[in-house]
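Right, one structure below, let's go through it.
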Amino acid sequence: MSGNRNKQSYEDVLKNIERKRINRENEELNIGWYCWLLSEYPALIIFLCVCLSSTLLVVTLVYGELPDFSDPAKGFEVRGTELSDRLVTWENMMNQTGYNSTLSNYPYVYLKRKALMGKVGPCLAPFCGHAIYLKQNIVNMKLSTIKKEITIYAGEPIVKLGYSRWIYEATDGVTLWSLQSLLQMCKTAHQILDHQEYPEVCLRKTLSSCCPTISLANHVAYISGVKSCFNLTQDDVLKAEQVLMLCAPYYCSGDLQLGCNSSDLNTLNRYMSGSRCGNVPGVCTDAVYNIFHYLIQGSLCTNHSMRFNFTLSSVFLPAYTGKGMLDLYYDKFHNQPQQNSIRVSSIDFGVDGLVFEDLLLADSIYPGVAMLLLLVIVWIYTSSLFITTMHLVATTAAMVTSYFIYQFIFDVTFFPFLNLTSTLVMLGLSTDHILVLYSTWKRCCSEDKVYERVTTKHPVGRRIGVVAKSTMRHVGWSLFVTSFTTSSAFFSNAWSSVSAIKCFGIYTGLAVLCNLIFALTWLPASIIFHHKYLQFTCNTKSVFCCIIRLFTRIRNQASEVSRVFFHQIQVLLVVRFRILWVTFFTLLAITSMYIVVFNPGFQLPRSASYLQFFEQKHLFEQYPLQQRYFDFDKDYKGFLSVRFIFGIEPIDDGNPRNPDDKGNIHFTRFNVSDPQSQRWLLNFCTILRSHKFYREPENSQFSSMCFIETLKKWIESRPCKTGAPCCKMTKFPYKPNVFELCLKEAISRLNVVPQLQLFPSSPGPRFDSKDSIRSVIIEFPTNQKTSSTQSEIAEFVKEIEETLQVHVDSAPRTLAGGWFVSSLNLYALQTSLYTGTLTSVGISLLVAQIVILITSRNLVVSIFVNLSIGGVIFVTVATLALAGWELNVLESVTVSISVGLSVDFTAHYAIAYLLAPEKSDRQRRVEHALARIGSAIATAAFTTFLAGLGMLPASVLAYKRFGIFLMVIMTSSWVYSNYFFLGLLSLLGPQGNCGSL
C-alpha cells in the first residue's frame, strides 16, 4: 500500500511538472509579436527610437524656429470671443491709423491740395516732420511716441517720451521732506547715474553733459535758487516749504496747472483751454506743480493738513526706457543691497522682458538640479545607470518629438515661456512611468522564477517575452489611462481664449502622448536590454566592487524596509482605519470646496498686471503698486470711455495661436454722408447724453465726443460771406457732397492748435488713402470707474448692450453693423479665465471618467476614482487660495491640469486592484495593489515633490509657483490615492464581478 501511494504521488508530481511545462510552452508561444520583438531585439527598438528622435531634432534645428522669450508678456491676451474680436479690431484700427496707413484722422489728399493752392500755412503735420502749425508760428514737438507730458527741473517745458524712472521710499519712520533726506536722495542719484553707459543713453543739455534728473531734490534747489542739490541748506528747505505751503491750496483746488506763470507754449495752451491760472501767485511755477503732481505721493490734498510728511518720491531720468538702461540696472540695482533708511524701492526702466529672458536662462539651473535629483533617485531605485540614462534620453526625445509635431504638423510657431514649465511635468510623469514599469517588471520576474527549474524547448528569450507580456498587461493599461487623462487635461486648455494657454495646452498634451509612446517602446526595451546583456556580478576585492557591494547591501536593506512598510504597515493603516480615513478626507474635501467657492474663494485678478513675472517684492513689480500713490497716475486712470464704431466689422481673422497675427481690417457698406445717417447720428448723441452712465468730459469746450454735433455747431457759427457752403445758411441734414466738404475743412482747421491734435484713439471720422470716409467713432465718457470689480464691469457691459446697443442695431442701413468697445482687456481676461478654467476642468473630468470606465469596465471603481480626483482638486485649489493666489494666467493653467496630475496614482491603484487574483476579497485586493506598486507610487510622488521643491529658489515667479503647485498636488494626490481611494475600496470596493460592465 505504501509503495502504491509513493508511486501515485510520484506520478502526480510528474503530471504536475508536465502540465506546467505545457502551460509554459503555451505562454511562450502566445506572447504576441510585440513582446517577442521586445524580448528578442530590444537593441533594435532602442536604435529605431534614437534614429527617429535624432532625425526630428535635426529637422527642427535646421528648418524650425527656435523659441524667443524676449517679450514674455506676448500671447497673454484673449482671442476668439465676441469681446476680444472687438478689442483686436480696435487695436488694429489704432495701429493702422496714421499717415500713409489704412486709415487716417485727416483727409490728407484734401490737405495737400489746399497746401499746393496756398490756402493754408507753411506747415502741415504729415509733410514737415510732424510739426504743428500754430497761428503762423511753428512749434517743433515730436508726436510719434507721446505718452504723458511733464516739465524738467529748470522749468523748461519738455514732452515726456517714456522716461526711465524710480521711486524713493523712506523706512524706519523717516520722512523724505528734510534736509538730510534731500541730500541723501541727491547723493544716491549721483552714485547711480555715475555709470559709464549712462552718458550714451541720456538726453543732453549740452554736448558734454546730460540733462538733470526730474527729482524732488533738484526742484527744491531750483525753487530756492541753489545751483545744485548738493548745496542745499536748512534755510533753502524752509524757503521751498514756504513756497509749497503757499501754492498747495491752489493745486488742491485745481487752479495751479502746468504752464501757470510761464511765458512759453504752455501759456497759450492754458489760455485756449480756459484755465483759471489768473488767481495763482507768481511763485507757483511749473517746478511747484511738478513737485505736487509728479514727485511726491498725492496725500497732500486728501489729509487736509498741508504738511509735508511723505515717504515716497519719484524720480524721472532724462533717458528713454528700453535696452539702453539694461547695464545700468544690472550694475546698480540687480542683487545690490541697500542699507540706507532711504532706498530705491521700485523701478521702471522698460527692461522687464530683457531681464526676464536673462533670468529664464539663469534659473534653468533649478530645473537642472530637480532633474539631477530625480535621476539619482531613479538610479538608486533601479540600480542601473543604463536604465536611468535611457529614461533621461527618452524624456528629452519625447519633448523634441512633441516640439516637431507642434511646429511642423500643428503649424504653431509661437512658443510662450509658459511652455517651459512643461519640463517639470514631463520629469514627474516620466519618472512615474519608469518607476512603475521597473517595479512591475521586477515583480513579474520574481513570480516567474517559481518555475525556473522547468525547462522548455524554446530559447530563454521567449521566457523574457512571457515576463514582458505579464509586465505590459499590468502596466500598459495603467500607463495609458494616466497619460491619456493627463494629456486630455492639457489639451482641454486648447479651448482657452488666451493664446499662451492655448499653445501651452497643445504642446504639453503632445509631450505627454509622445512620452507615453516612448514609455511603451523605449523604456521596456531598455529594461530588457539591461536584463539580457548588462547584468554582471562583481566578485573581485577591488575598491569598485566593494563600493558596488556596499551600495547593493544598502539598497537591499532599503527595499526590505519598503517591503515591510507597504506590505504590512501601510496595509494595516489603510484597512484597519478605513472608516476614519474616508470620513476625514471627505470632510476635508467638503471644507476645501467651501473655501474655493465661498470664503475666501479663488479670486479673479484685480490688477491689469495679470501676468506677474517676478516676485512681489521685486523692484519691477513694486513700481505699478507704488505709482498709484502719485497724482500723475490718476491722469490716465479713473473712468471708462465707450466708443461706438461704425463702418468696420468687429472681426479677428488672425491666427489665435499667433499673437503677432491680428488679421486685417474689414469694412462694411457704410455711408455717413447720407442725410438719414446724419439725423440718426445726431439723435444718437442726444441719447448718449441722457444715459445714466454718461459723464460730462472735462474741458468740454474743446472735447467733442460726437463729431457731428461739433460740425453742426461750427457750420452754424460761420458767416456765408466767407464760409459758403459751410455756413449758417446751410440747413441740416446736409447734402452728401456738402457734408464731406465741410467735414474735411473743419478737420483741417483742427490742425492749428496742439490741444486739438488728433490721435489714433481720437473720436471722429476715419479716412482712407483716397479721402473717402470709411468709419466714424462716437466716444461716450462714462462714470464707470476702471477700478471696479469684475461683477460691476459685467453689469456695466450688460447695461450698455441692453440699452445703447439696441439703438445701434436700429441704425439705418447706411450705418448698419455698429458696435462698441472700451478698455475691457482685464475684464475680458477675467471672464475668459473663469469660463476657460471651468470648461477645462469639466472636459478633463469627463475624459477621465470615460477613459477609466472603458479601461476598468467597472462602474463602482470609476466612480471612486472620480471622487478621489475631485478631493485632490479641491484640496489643492483651496491650499492655493489660502496662500493668496488669484486666478491669473498661470494659476488658471495649474487648476486646469490638476485633473491630469491627480489621476495618476489613483488610476495605478485602480488597475492593480482590478487585476488582483483574489476577486472575492476586497481587502486582499487592496493588499495586492499596495504590495505591487505602492513603493513605486510613493517614490514617484517623492521625486516629483522634490522637483517642485528644487524650483523654490528661482527668481522667475512662474517657476516658483509651478514648483509650489507640484508640491501641493503631489502631496494631496498621494494621500488621497492611498488613504481615501484605497480606504473606499477596502470598505465598499466591488467584489467578484460587482459593478462590471
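All residue numbers here begin at 1 and follow the chain in the order shown.
Cβ atoms here come from the backbone N, Cα and C positions, even for glycine.
Summarising the annotation, TrEMBL assigns transmembrane segment to 43-64, 369-392, 404-429, 477-498, 504-523, 579-597, 833-854, 861-885, 897-917, 929-952, 964-988. Taken from TrEMBL, the feature domain 'SSD' applies to 415-529.
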Of 43-64, 369-392, 477-498, 504-523, whichever stretch has the most CB pairs under 8 A to the transmembrane segment (404-429): 504-523
Highest-contact recorded stretch vs the transmembrane segment (43-64), from 477-498, 504-523, 897-917, CB pairs under 8 Å: 504-523
Proximity of the transmembrane segment (579-597) to the transmembrane segment (861-885), 3+ C-beta pairs under 8 angstroms: yes
Composition by DSSP (helix, strand, coil) of residues within the domain 'SSD' (415-529): 102 helix, 1 strand, 12 coil
Top Cβ-contact partner of the transmembrane segment (833-854) among 477-498, 861-885, 897-917 (pairs under 8 Å): 477-498
Rounded mean pLDDT for the residues that make up the domain 'SSD' (415-529): 81
